[in-house]
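*Asks:* Following this message is one structure expressed as structure tokens.
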Amino acid sequence: MDGAAEPEADALVERGAGGGGRARRGNWSGSLIVASLTGAFGSSFLYGYNLSVVNAPSGYIKKFYNETWERRYGFSMDEGTLTLLWSITVSIFAIGGLVGAIIVTPIVKFFGRKCTLVLKNVFAVAAALLMSLSLLAGSFEMLILGRVIMGVDGGISLSALPMYLSEISPKEIRGSLGQVTAIFICIGVFTGQALGVPEIFGQESRWPFLFGVIIVPSLIQVMILPFLPESPRYLLLEKHNRSKAEKAFQRFLGKDDVSQEIEEVLAESRAQRNTKLVSVVQLLRTRAVRWQILTVVVTMGCYQLCGLNAVSIWYYTNNIFSESGIKHETIPYVTLSTGGVETLAAVFSGLVIERLGRRPLLIGGFGLMIIFFGVLTVSLTLQNSVHWLPYLSIFCILAIIASFCIGPGGIPFVLTGELFQQSQRPAAFMIAGTVNWLCNFTVGLLFPFIQAGLQTYCFLVFAGICFAGAAYLFFVLPETKNKTFHEISQAFAKRNKVTLEMQEMNHYPGERKPSEEQESNFTSSVDNGEAIKGIV
């Protein structure tokens with residue numbers, strides 16, 4: 001039975017990558033578009049929005065902190081305490097995100113991908129109410145608690161959304177659909193900047209509305225997403241419900257005959273020999289995925305440690321704009337250009353990722369960042385002696401942002417969904433999310449010290465991180481464009497120093513039954529539509 005299963009799986013893989021795949025190329029059904037846009041609007045959009053929303057009203061929020069303190073204790077808050085409270089307010093978002101990344105694995109296992117995206121809005125709505133009512137209640141603790149809870153929502157979102165998108169999309173457009181996550185992060189950042197201008201909510205009496213707006217995307221997601229199908233791969237491989245999986249495939253692919261897609265998924269399952277979800281500890285101990293795990297850790301680490309998502313670029317932006325001659329009251333509007341460039345670059349990446357591939361965009365993005373970080377260091381160091389250098393600094397900032405969003409800004413989320421099999425994916429996203437949020441918190445905590453010690457040369461640290469990431473990806477990462485999950489696993493088999501047979505066995509060390517019995521059990525459970533917990 002084993003010998004028959006493997007050729008069958010390989011044949012199905014080849015057929016999926018061949019003519020049938022080309023026929024489906026670019027097939028964006030209405031349900032697929034609605035699911036991706038709705039999922040991203042209530043998830044990655046809110047993550048990006050909460051990255052930037054605290055910048056514009058920071059002066060008003062600090063004043064609120066000081067007034068609340070004085071009303072309670074009868075004296076003003078000293079500068080050190082105020083700085084500490086504000087730092088906690090900004091950085092504690094990452095702590096909440098870490099919690100969300102840790103708890104997402106059991107949630108997506110029990111509720112599924114789509115239902116997790118719906119249920120996590122409980123955190124978003126609760127956070128929005130706490131933060132928007134903090135001024136009225138006279139409690140800055142409500143704002144800080146709201147940031148923690150909003151971080152939990154973000155941590156769940158940045159794992160569940162890419163997982164859902166990677167499992168509902170055909171392999172021919174999996175990269176483009178995966179980039180929706182990054183595009184909506186950028187749109188969220190830009191929206192936070194735009195709503196923070198004085199004419200909208202950037203006033204002392206209106207800043208709570210900036211946090212109340214969070215409820216709108218959450219409610220839209222709750223109203224629309226439940227009417228869309230669950231991930232067909234989750235339904236077939238984890239719930240063993242073939243009829244629901246077929247209906248989900250039909251809606252997402254926009255066609256009636258989905259037998260080939262069903263067979264491709266079943267072939268992957270037969271190749272794995274088992275459908276039981278693995279834990280994080282089991283995944284870390286699995287020799288067959290060591291390089292995949294290391295690749296995810298490197299890409300997620302560089303995603304945060306390259307400096308763009310923390311305070312490095314934003315720390316200098318206002319000063320550079322001011323020194324270039326832009327009036328202080330005009331700077332908030334000029335700053336919108338950074339959010340606009342982010343969004344355009346992310347959209348461009350989504351349009352070309354299926355043509356150029358993941359690898360060139362990642363390596364090229366990091367390479368361009370190295371160049372512009374170097375030029376920015378020179379221009380910042382010499383800008384007081386040459387009058388036109390501040391304009392070059394502005395260009396470098398925009399170029400670094402664009403380079404980041406072209407590849408490193410979104411592809412790490414796509415890769416995490418592509419490098420692992422169905423049973424490993426929740427644990428892999430938990431590892432990726434943990435690295436993401438820990439690095440986010442670390443760089444936010446350490447950057448002020450790095451900047452104080454190195455001044456303008458601090459950007460060379462980030463250039464070094466980009467170089468290390470680009471070098472690793474150049475030597476290790478295979479191209480995953482238009483490949484099935486099974487083919488991607490094969491590409492890593494040699495580097496992991498395992499044969500394909502050993503790789504399949506190592507997916508579930510110590511938990512194998514004779515393959516004939518597993519094949520029989522799995523086929524029976526799927527055909528009957530029984531929701532069996534797992535095949536041991």
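Glycine residues also receive a Cβ, built from the backbone N, Cα and C atoms like all the rest.
Per TrEMBL, the feature region 'Disordered' maps to 1-23, 508-536. For 1-11, the entry in TrEMBL reads compositional bias 'Acidic residues'. Feature annotation from TrEMBL assigns transmembrane segment to 32-49, 84-105, 117-138, 144-165, 177-195, 207-228, 293-316, 331-353, 360-382, 388-415, 427-448, 454-477. The domain 'Major facilitator superfamily (MFS) profile' annotation in TrEMBL covers 36-481.
Please go over these features one by one and say how buried each is and what sits next to it.
*Replies:* Beyond the transmembrane segment (32-49), the same-chain residues lying 6 or more positions past its ends with a Cβ under 8 Å from any Cβ of the stretch are 114, 117, 120-121, 124, 150, 153-154, 157-158, 160-161, 164-165, 168-169, 177, 180-192, 213-214, 217-218, 220-222, 224-225, 228-229, 252-254.
With a cut-off of 8 Å between Cβ atoms, the residues of this chain six or more beyond the transmembrane segment (84-105) that come close are 50-51, 54, 58, 61-62, 65, 77, 116, 120, 123, 140, 143-144, 147-160, 280, 426-427, 429-430, 432-434, 436-438, 440-441, 444-445.
Beyond the transmembrane segment (117-138), the same-chain residues lying 6 or more positions past its ends with a Cβ under 8 Å from any Cβ of the stretch are 39, 42-43, 46, 64, 68, 71, 100, 107, 111, 145-147, 149-150, 152-153, 156-157, 160-161, 164, 207-209, 211-215, 217-219, 221-222, 225-226.
Outside the transmembrane segment (144-165) by six or more residues, the chain places 35-36, 39-40, 42-44, 46-47, 50, 85, 88-90, 92-104, 107-108, 113-114, 116-117, 120-121, 123-124, 126-131, 134, 177-178, 180-181, 211, 214, 231, 413-414, 416-417, 425-426, 429-430, 432-433, 436-437 with a CB less than 8 A from a CB of the stretch.
Same-chain neighbours of the transmembrane segment (177-195): 32, 36-37, 39-41, 43-53, 55-56, 158, 161-162, 165-166, 168-169, 201-202, 210, 213, 332, 335-336, 338-340, 342-343, 345-347, 349-350, 353, 405, 409-411, 413-414, 417, counting only residues six or more beyond its ends whose CB sits under 8 Å from a CB of the stretch.
The list of residues near the transmembrane segment (207-228) in space but at least 6 beyond its ends in sequence, with Cβ under 8 angstroms from a Cβ of it, reads 31, 34-35, 38-39, 41-43, 45-46, 49-50, 53, 56-57, 60-61, 114, 117-118, 121, 124-125, 127-129, 131-136, 143, 146, 150, 192, 195-196, 201, 251.
Long-range Cβ contacts of the transmembrane segment (360-382) within its own chain (Cβ-Cβ under 8 Å, at least 6 residues beyond either end) map to 299, 302, 306, 308, 316, 320, 349, 352-353, 389-390, 392-393, 396-397, 399-400, 403-409, 411, 456-457, 459-460, 462-463, 466-467, 469-470, 473-474, 477.
Residues 158, 162, 166, 174-175, 178-179, 181-183, 185-186, 295-296, 299-300, 302-303, 306, 308, 313, 316-317, 320-321, 323-325, 337-338, 341-346, 348-350, 353, 358, 361-366, 368-369, 372-373, 375-376, 379-380, 382, 432, 469, 477, 480 of the same chain, all 6+ positions outside the transmembrane segment (388-415), place their C-beta atoms under 8 angstroms from a C-beta of that stretch.
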*Asks:* In the same chain, who gets a Cβ under 8 Å from the transmembrane segment (454-477) while lying at least 6 residues past its ends?
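*Replies:* Tertiary neighbours of the transmembrane segment (454-477) are 291, 294-295, 298-299, 301-302, 305-307, 312, 358-359, 362-363, 366-367, 369-370, 373-374, 376-377, 380-381, 408, 415, 447, 495.
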*Asks:* Counting only residues 6 or more past its boundaries, what in the same chain has a CB within less than 8 Å of a CB in the transmembrane segment (331-353)?
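*Replies:* Contacts with the transmembrane segment (331-353): 52, 56, 175-176, 179-180, 182-183, 185-187, 189-194, 196-198, 202, 313, 317-318, 321-322, 361, 397-398, 401-407, 409-411, 414, 481.
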*Asks:* Averaged over the domain 'Major facilitator superfamily (MFS) profile' (36-481), what pLDDT does the predicted model reach?
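*Replies:* Mean pLDDT across the domain 'Major facilitator superfamily (MFS) profile' (36-481) comes out at 88.
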